[in-house]
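The following features are taken from TrEMBL:
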type: SIGNAL; residues: 1-18; note: signal peptide
type: DOMAIN; residues: 19-124; note: domain 'DUF7044'
type: DOMAIN; residues: 145-260; note: domain 'DUF7042'
type: DOMAIN; residues: 269-371; note: domain 'DUF7043'
type: DOMAIN; residues: 383-479; note: domain 'DUF7045'
């Protein structure tokens, strides 16, 4: 009888605990409102936005979280005099400030969780046309304006209108004062001169359409706009829609188009080619045949361009300058590919003179930290660990770390109250790389979008030491130093 009562109580407690929304999705966002949209006298839509709040257990307008199903969630919205409205949402982090809520039919309600579950998306098949876009508000992170970085001569066309600016007639743009803001100076156009500032909110590549998208916010009126970016040899084009929705935007129906022309400058050296295995697009850099562009938007600086001067297998002598034309000098880059998803590099201090011997000094690299960079289009990689681990029940918070035995590329970290088991947080990761460093295993993983994390681990005497060091891998982390309070660290034990 007592066992039966305990079973009922346990079931009730479990039912009372809502599903948990991954913490990287939490926050206040803006969403364009279709219902409140009006039209101004010139035919352009005047945009209005609604606030959307995402907490650990709910999303405003969609209700409470009832069930987590893979990468999707079933939400139920309580309504007066009507059944609960169940809908499935698949959140996809396109960048640190742009979140897509993918769904099939936003206005359609389902009477049961099961019916709503049938409409869930496979997150790998979602395109920008599915669902709505949300823009983080109040806690935005500095975002890259790539590929619009540096100084440009600009031509402009408003489609289906006589408004235009011709190239080489005085209209310019740059992001030299603040890397996340494009300052456009309209001069000698078919309309009066004026200046405009566009804050870069986020950019991403759509897997299905193969288009590159950019979201900007006009700093004067606060409006968001979606654009498609196209790069050619001597010009970068941005095709903007007239609002923040990207779903119906194409290069043929754009509201207006910007043509950014960059100037070419002669270099004081004969260029060489970066090794083939280094080439590609990464989250913080792009490596092409002759140059490497390194983004510095997180520190508010314009990108660097490193020109290939001489190659030495895994290292390259380069000459670097900012995209606004400020010289840095010559220095050596050392590269190491940790997987098909992750490359790390080190750099020496720049100097004014070119000296290839700087790349051949082996002892200098020991004290220089590695910098990690992730490719744009990642594929899952083995985490290097299998099984389930947990901390001891010796404090207020307990941790579970589970490496999926059926899918060795998946990892989940759960935080809960040690006394009653009520969860505080749950985070799902896809591993992008793992490798050995001396007696340690380094695991590099992502939660989607720009949310990457490095875990330094060490197994010793039955204890699995586990620490998150952010998006860079501090492989020399001192596990014995209890004063490292800036890091989330755990001592785990394998579950029986």
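Here the Cβ of each residue, glycine as well, is placed from N, Cα and C on the backbone.
Stretch with the largest number of CB pairs closer than 8 A to the domain 'DUF7045' (383-479), among 19-124, 145-260, 269-371: 19-124.
DSSP places the residues of the domain 'DUF7044' (19-124) in helix, strand and coil in these numbers: 10 helix, 51 strand, 45 coil. Within the domain 'DUF7042' (145-260), the DSSP-based counts of helix, strand and coil residues read 0 helix, 57 strand, 59 coil. Per DSSP, the domain 'DUF7045' (383-479) is made up of 0 helix, 56 strand, 41 coil. The helix, strand and coil residue counts that DSSP assigns across the domain 'DUF7043' (269-371) are 15 helix, 51 strand, 37 coil.
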